[in-house]
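Now, the feature entries from TrEMBL:
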DOMAIN    A:149-208  domain 'Protein translocase subunit SecDF P1'
DOMAIN    A:240-341  domain 'SecDF P1 head subdomain'
DOMAIN    A:343-515  domain 'Protein export membrane protein SecD/SecF C-terminal'
TRANSMEM  A:362-380  transmembrane segment
TRANSMEM  A:387-407  transmembrane segment
TRANSMEM  A:413-434  transmembrane segment
TRANSMEM  A:455-480  transmembrane segment
TRANSMEM  A:486-510  transmembrane segment
Amino acid sequence: MLYFTKWKAALVLLVCALGVIYAIPNFLPKGTFATDASYLPGKQINLGLDLRGGSHMLLEVDINSVIRERYEALGDTIRSTLREERIRYRPRDAGLNGAEVTVVNADEVEKARDLIRNVEPDTVMSGEGNNIIVSYTDQARKELVDRAISQSLEVVRRRVDELGTTEPSIQRQGEDRIVVQVPGLDDPSRLRAILGRTAKMNFHLVNEEKTASEARATGMPPGTMILPSADAGDRAAGINEYLIDRRVVVSGDNLVDSQPTFNEGRPVVSFRFDAAGGARFGDMTSKNAGRRLAIILDGEVISAPRINEPILGGNGIITGQFSVQEANDLSLLLRAGALPAPMQILEERSVGPGLGQDSVEAGEIAAILGLIFVVAFMVISYGRFGVYADIALLINLILVLAVMSVLQATLTLPGIAGIVLTVGMAVDANVLIFERIREERNNGRTIINAIDAGYRSAMSTILDANLTTLIAALVLFSFGSGPIKGFAVTLAIGIVTSMFSAIWVTRLLIAVWVKRRRPTELVI
Amino acid sequence: MKPLHLVPDDVNVPFLKFRKIFYIVSLAMVLVSVGLFLTKGLNFGIDFRGGILVEIKTDGPADIGALRDNLGSLGLGDVSIQEFGEPDDVLIQLQRQDGDEQAQMAALATVTKALGDDVTIRRSELVGPKVGDELKEAGVYSVAISLLLIMIYIWFRFEWQFAVASVVALLHDVLITIGFFVITGVQFDLATLAAVLTVAGYSINDTVVVFDRIREYLRKFRKMDIPDLLDLSINSTLSRTTMTSFTTLLALIALFVFGGEAIRGFTMALIFGIMIGTYSSICVASPLLMVLRLRRKIPEGEETQEAGA
């Protein structure tokens, strides 16, 4: 059985050669072989964020707020429909279950239901007696959520792109989550700041009948609300909050551009409306000259300038006590647009470029030293056969790198540990075979017979042993996150390639040796 | 040059004779581990607890005391500050803040601000309460599922006694490795959990090799007493078992010494687990087969002839 058919030997050599070809680009400067064809060699292994530096953020879109908002709007539509048809009702607050309304006359309930069904076909109605609860069908709700998430993805992508980093990855995860990965980012706090904001901007008028504190004490004028001020200038002047008219006079949705700029030497943010927004803004500023305009971002007043004259061109600036950085961020957020719903950062992992580089170097040293230890030990233990196992070990490492390059798998710090572990474990199959050969020789078999029997009887053990480790690796892959997945990947690839190299490569080497030298003694 | 053999070819250690001692030692280790796990508990990292971690590099050796005063006064609860590998490398950890994810974010901002511009932030991690709970859940699932799958595999390939013995040995290794973490207080995070799972895979690998040999000898030496046969199987695979563990440990020691601080806990778990796994496959798993009354599969009609063989 030690006899190798020519094509079998050729196949083993071919696999080794392919491994070398696909692994080589990893040792050359990036971009040496620029190619787009996925099957051609030239690609390097992807380094994970923990090795190249960068930020990983897991965001969750507040779906409930989208749904609540939509049910409030639905409630408005229903109420105005009922009003038109002169059906008397008592309004109720919209919740997460749907918009709710109570019809006063029991005999009008059916008519009301028919009307609602006509205006809002994608809804189902429940509720007892005079109560009607209108909620979206599962399908409509899913579409609503999907739309909100894809809008959020789009806005997040625009915001991250503005940071000017290379190859950011932005992906949806599960129902309501978004994973953002930005390699090579120097300052994760900036990313945090621009992702944590909804950036919903609206223009309201300041109600100047009373101050906010008077309103609190003597009662709020109808249709007003109190909002905190985020302007450092106001704070310095002792103004912490404003009494604001609830009505939105111009919505931020109509903004088309925004840039940081300077006005009288101070950083400000300029903005430009589309035609409709510009017209409305001009109209509003003409009618309300002399009043104060509140610019509200995410529920805070960022600036409340007095309207001195009509602003007709659709252009304006926001003044306030901004730092240059704040002006940059604010204009970025306005350019990229508002998120359809607030987002929360559930998880963040950021690694600076220095640490990543250090980790790669430490990993390389550890891998090389581990390799040297194992290589030396194999030679000491098995002599000539140890050398063969070492050659197989090197080929195995090359194959791991090649497979990872072809699959474009991500190498992480635990992944490097997985490779080092593979170095220790890959020789296992050879140890099994060699020990078996030694036993067979001690049992008095001839050289070729002992080698043959060694390979044959070690086979099922090798398979069992590797499959169990592979099971653990696969479970790790499906449950682990980020870096741990990287460990599972290198471990799994290492197990599979080591079965090839430890069995076939050593077998070929030994076959060639036996054929050429015709050894009379088996030293192992 | 004559190759060096870790274990002599004609080794013959009567492992089964000492099995009572192994049982007592193993049982004691498992009980201590479980007991400490239940009373003292693991030192969970922020992956499972939720919280904040910041690694900084200072200009010159870090003044841990000053950092502790500075960050301790921020009112963010327990702040753990420790040197991380080098005198100018410091690891800061904050416990999970009360409140939701927003509170964690705010705390991270407070810490970064308090640290100022004099230090370089090498790494910052934030795990909110929600993700922490999810990771914990996934961790428990992954351990349970891999144990189950391995058991099913062994059960398919061997008699049930082998499956039970290997899983007992596996649990033994996993529990004692966890006990090691409880005793040393080394932080238990996602990476160490991965190490524990790898130990599980590795330990079963060792056990399977011995079991394969037992199965083979059961067919080959039909008259041999089971205890003698077990001893013979363990001894004839002893060289391989120690060799493979040794090469793996060599690689891991290189990783432990040179691989950097960030994966030291991970490597430590692997080193310890592999030693325990080797011990258990030699001294626990195979002797257990006796307790489980492993017998030869006796072909019909040959019962009287082979019984007691």
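Placement of Cβ uses the backbone N, Cα and C atoms for every residue, glycine included.
Of the Cβ pairs linking the transmembrane segment (A:362-380) with the transmembrane segment (A:413-434) and spaced 6 or more residues apart, 3 or more are under 8 Å, so the two regions touch. Counting residues of the domain 'Protein translocase subunit SecDF P1' (A:149-208) by DSSP class, helix then strand then coil, yields 22 helix, 18 strand, 20 coil. Within its own chain, the transmembrane segment (A:486-510) has Cβ neighbours under 8 Å at 2, 4, 9, 12-13, 15-16, 48, 385, 388-389, 391-393, 395-396, 399-400, 403-404, 409-419, 421-422, 425-430, 433, 451, 455, 459, 462-463, 466, 469-470, 473-474, 476-477, 480, counting only residues six or more beyond its boundaries. Sorting the domain 'SecDF P1 head subdomain' (A:240-341) by DSSP state (H, G, I as helix; E, B as strand; all else coil) yields 29 helix, 39 strand, 34 coil. For the domain 'SecDF P1 head subdomain' (A:240-341), the model's pLDDT averages out at 89.
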